[in-house]
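Going by TrEMBL, these are the annotated features:
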{"type": "DOMAIN", "residues": "9-123", "note": "domain 'VOC'"}
């Protein structure tokens, strides 16, 4: 059998919305971000070495089972913003919500998950002080991944 390529990570994820500008206004009330680029009906929200592609003119119906899992530096701030916007937070232990276009978002805090960014990427994002919780650090060590 030929060797197979190893999955290394994600370059980007894409979500569909009806109107890109309305989506940017909505997401901008919840998250602090910069745009990486823009096309006629698409924008690219920067996340350091990754990005979220937001495409306009949605063609498919909402799907509440698929979701985008994002990592933030302050999950409590997201919860506050969602409450201020009267966006329903879905039941469960996590912080999940559905945007006005039917996209389900799952929000986790950087310190609590195994996902990690290099110190250089964090510095470039203005997040050099982000740290991992002891539990997340132990999980990374168990996998042989030394979080820096």
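The backbone N, Cα and C atoms fix where each Cβ goes, glycine too.
Across the domain 'VOC' (9-123), DSSP helix (H, G, I), strand (E, B) and coil residues number 29 helix, 37 strand, 49 coil.
If you take every residue in the domain 'VOC' (9-123) and average the pLDDT, you get 91.
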